[in-house]
Amino acid sequence: MIDQRLLRENPNLISEGLKSRGMDVDLGPLQKFCKDLKDLEEKRNSLQAQGNSIGKEVGQKIKQGLPHDSEEISNLRVKGNQIKKQVGIIEEEEKSISNKLNEQILCLPNLPEKNSLEGKNEKDNKELRRWGEPISGNTLKEHWEIANQLNLWDSERSSVIAKSRFVTLFKHAAKLERSLINFMLDLHIKKGYLEVLPPALVNTASLTGSGQLPKFAEESFRCADDDLWLTPTAEVPITSLHRGEIIPRDLLPLKYVAYSPCFRREAGSYGRDTRGLIRLHQFNKVELYWFSTPETSEDALEQITSDAESVLQELELPYRVIQLCTGDLGFSAKKTYDLEVWLPGANTFREISSCSNCGDFQARRSSIRTKDNNKKNILLHTLNGSGLAIGRTMAAILENGQQSDGSINLPKALIPYFGSNKLQPE
């Protein structure tokens with residue numbers, strides 16, 4: 001959530017940040033709400049001061065011997081009660097305006113960091129580095145073709161069970177999925193992450209706190225009879241793991257790793273990636289999440305990105321690192337690096353991880369704080385990154401490991417988990 005103080009004191013900074021995202025927002029109504037709230041607060045404080053003064057005057061007069069039921073005391077109490085009613089009316093006005101203001105502010109994305117990479121869309125993103133040697137060739141198959149030939153899954157029966165964009169994994173694919181999850185968790189735990197297994201259902205406050213609501217309501221699956229939603233990413237429940245808390249500074253950074261099933265309606269992707277594991281309504285993911293101090297979050301983004309990269313390196317999968325421009329940033333992010341893995345069958349790089357520094361954006365929405373060096377409460381910073389998306393990782397392994405005899409060579413790092421170095425046709 002954007003800081004209301006910034007909205008009052010430096011609206012031009014907000015306008016510039018939103019314009020760099022391609023948004024031309026009229027902040028006038030929001031500024032008026034802020035001014036009205038400030039005026040009402042001053043009026044309420046003045047009335048409360050008058051009320052306190054009357055209360056003291058009543059006490060003094062009673063001490064001086066004036067009877068409780070005297071006309072003077074009664075008049076003062078009537079005046080005090082009138083002030084209380086006025087204060088109550090003002091508080092209701094403040095609540096109403098504050099709700100309207102919050103509704104609109106919640107729809108505004110995070111502001112890009114200073115000196116961000118400017119740009120309108122993904123075409124303006126910047127490649128920072130590459131790792132590994134991408135293979136290529138006209139005979140290389142896409143992962144969904146390989147999976148069909150090896151009988152690794154069934155999407156047709158899955159559409160009977162649920163609908164399109166679901167898959168059921170069988171035998172080696174199911175085992176490979178489980179192996180990848182355990183491998184990734186173990187790798188990150190060795191790097192100092194604390195494993196958590198959060199709920200797959202979250203409430204509206206959790207989705208609002210992380211920034212998924214209200215903007216992405218149409219992208220999420222919602223329960224009909226409860227205030228619960230299927231989580232689109234473990235980022236949501238982990239953000240709310242400390243909602244409303246003050247985390248001691250000496251505990252920071254808090255580094256969590258979580259496996260979770262993720263659910264997305266993919267409402268805006270009709271006709272895209274209809275085959276395979278790239279874009280499903282349900283998929284598994286290992287998520288990395290940091291709570292950090294404000295002054296260390298820039299370095300934390302570099303580290304969380306490096307930790308996500310280490311998975312690809314261990315799995316011997318070529319990839320590149322992309323810095324997103326301002327026009328391509330996610331809603332809650334102020335800076336993001338995407339990791340794109342090479343898919344030789346498709347002859348393209350595809351996003352497999354997105355690592356973001358959200359600054360205090362989620363912390364403000366979720367009221368998560370820490371102490372500064374002067375013991376004053378301040379908002380901390382949050383960061384997240386996929387470490388990695390399991391289905392897309394499997395797709396990359398199938399495509400990069402394919403052999404001329406139809407078998408799939410598996411990365412050495414997976415052998416202790418999978419129990420074999422190959423997937424063989426049966």
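Quick reminder: no glycine exception, Cβ is built from N, Cα and C everywhere.
Within Glu287, Glu340, Glu426, the residue that Swiss-Prot lists together with Thr233, Ala234, Glu235, Ser386 for binding L-serine is Glu287. Distance between Cα atoms for Ala234 (L-serine binding site) and Arg265 (ATP binding site): 16 Å, as a whole number. The most densely surrounded of the binding-site residues Thr233, Ser353, Ser354 is Ser353 (count of other Cβ atoms within 10 A of its Cβ).
Within 10 Å of Ser353 (ATP binding site), counting C-alpha to C-alpha distances, fall the following of the binding-site residues Thr233, Glu235, Ser386: Ser386. Proximity to Arg264 (ATP binding site), judged by a C-alpha distance within 10 Å, picks out Thr233 from the binding-site residues Thr233, Glu235, Glu287, Ser386.
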